[in-house]
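Trainee: Quick paste from TrEMBL:
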- Cys66-Cys69: disulfide bond (DISULFID)
- Cys411-Cys414: disulfide bond (DISULFID)
- 17-148: domain 'Thioredoxin' (DOMAIN)
- 361-489: domain 'Thioredoxin' (DOMAIN)
- 1-24: signal peptide (SIGNAL)
Amino acid sequence: MASRSRVRISSLLIMLSIIGLAAAESGTTEEESKSEEFVVTLDHSNFHEFVSKHKFIVIEFYAPWCGHCKKLAPEYEKAASILSKEDPPLILAKVDANEEKNKALATEFGVSGFPTIKILRFGGSVVQDYKGPREADGIVAYVKKQSGPASVEIKTAEDATSFVDEKKIVIVGVFPEFSGEKFDNFTTVAERLRSDFEFGHVLDAKLLPRGELSISGPTVRLFKPFDELVVDFQEFNVDDLVKLIEESSVPLVTLFNNDPNNHPFVIKFFNTENDKAMLFLNFSSENIDAFKSKYRDVAEQYKGKGIGFLLGDLEASQGAFQYFGLKEDQVPLIVIQTNDGEKYLKTHLEPDHIASWVKDYKDGHVKPYKKSEPIPEVNNEPVKVVVADTLQDFVFNSGKNVLLEFYAPWCGHCKKLAPILDEVAVSLENDADVVIAKIDATANDIPQGTFDVKGYPTLYFKSASGNILQYDGDRTKEDMIEFIQKNRDKAAQQESGKDEL
Ligand SMILES: *[C@@H]1O[C@H](CO)[C@@H](O)[C@H](O)[C@H]1NC(C)=O
Ligand SMILES: *[C@@H]1O[C@H](CO)[C@@H](O)[C@H](O)[C@H]1NC(C)=O
């Protein structure tokens, strides 16, 4: 569903900003593409044939305009060159999912943002999300591990010590012998969850650190770097075991700071369907312990009730603050983002306020929060400035034909478009029914279900009667004016029934 994929995108965006990946985005430098030799380029004509011949292949779906893709490209290429020397060689491929003719492939693989990386196994019959790092060494290590067995045998205490990493979730099946239905089911679970967790199996539980040394009967032991540190399951129904593992692998409170070891849990936090509560404060401040314990109590109270909890250090949260339009002097603060994109905010929080505010939120007594730049005092340039607080009046209720550009301040293509948009606006300045406008989409919330902004610049046209069209034409003055003239005056005839906003 469209609304659902939009939610995923916004979660993804905040996650990227929160772990600082978005900060590197830049549209200003157009790097010359180096001669790429090791990454295989696939398209609609050869994709299925190529994939069907491989037991294991990694595919990146990218778009030429996507900054994260450009940043990934040299790392991906370097990883491909290293992995090509494996025996058998491991293949990294890419598909330009922006190409019209490849769009069916993008749909087939549910590509809703860029880059999307998938691992295809057994000729494409099994598809998994790539959840590994984005720099060359990390890609190599992750891909090597993914191409091996889903669960590795632990034979010695040394194996066990190096396998049970202090910083990661690892899952070990303890079996009296490596056969039988329970073992097979464990292997199935390992196959299914292998892109998220590391799996091992062992004959003797005494080799394992932590937990009871003597285990009777087949047991699945999950090691984690938070909360109770070790959990044992004796459930072997595949779906039930998957569910238990998923539930146990989310911390009661996800910690977000500059430690990259926490980032996988932050990603997991944003990938759940839960509402997301995020408390930000300065971890060096005095009353941090009071916040931690009160917040934990609240998290415990709402466990399993559809809210996830994250505690973020101000030092690491510039991305999130920008995303939410928050200021450092508002901390301690808590913000809740719901699955349908609404946001709720309480600034200058005190430890004793947390429980009552979350309860008020749950009871529907807190009003949603909208990020907006201040309304400009003067707005007399040819291209008008729209902010979240003026979007309704300026665009939806103005009764005018509005061409609206969604831009980002760092986006190079937006900078290129600016003078052209200016010329369009100047040409149409005497036409009182036409408005050319722009909104900084990074500093203003776009209401859910209105405009679908996936990249910058995005141009939408709203006719006087409320028809909404995305402008996909050439970014030239002539084409844009022609488009406006062609689509504007339908207004009068289509007055009725188009008020879907
Ligand atoms: C193995 O998994 C299947 C499918 O989930 C289930 O029907 C079966 O009961 C499981 N076996 C055991 C021993 O739990
Ligand atoms: C956090 O608090 C410490 C100690 O009061 C202070 O030195 C530091 O500047 C603060 N950090 C931020 C980002 O405000």
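Counting begins at 1 with the first residue displayed.
The backbone N, Cα and C atoms fix where each Cβ goes, glycine too.
Model, not experiment: these values are computed from the prediction.
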Trainee: Based on DSSP, tally up the residues of the domain 'Thioredoxin' (361-489) by helix, strand and coil.
Mentor: 40 helix, 24 strand, 65 coil
Trainee: What Cα-Cα separation, expressed in whole Å, is found between Cys69 (disulfide bond) and Cys411 (disulfide bond)?
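Mentor: For Cys69 (disulfide bond) versus Cys411 (disulfide bond), the Cα atoms are 14 Å apart.
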Trainee: On the DSSP side of things, how many residues of the domain 'Thioredoxin' (17-148) fall into helix, strand and coil, could you say?
Mentor: 52 helix, 26 strand, 54 coil
Trainee: What number of additional C-beta atoms lies within 10 angstroms of the C-beta atom of Cys411 (disulfide bond)?
Mentor: 22
Trainee: Whole-number answer please: how many Å between the C-alpha atoms of Cys414 (disulfide bond) and Cys66 (disulfide bond)?
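Mentor: Counting only the Cα atoms, the answer is 13 Å.
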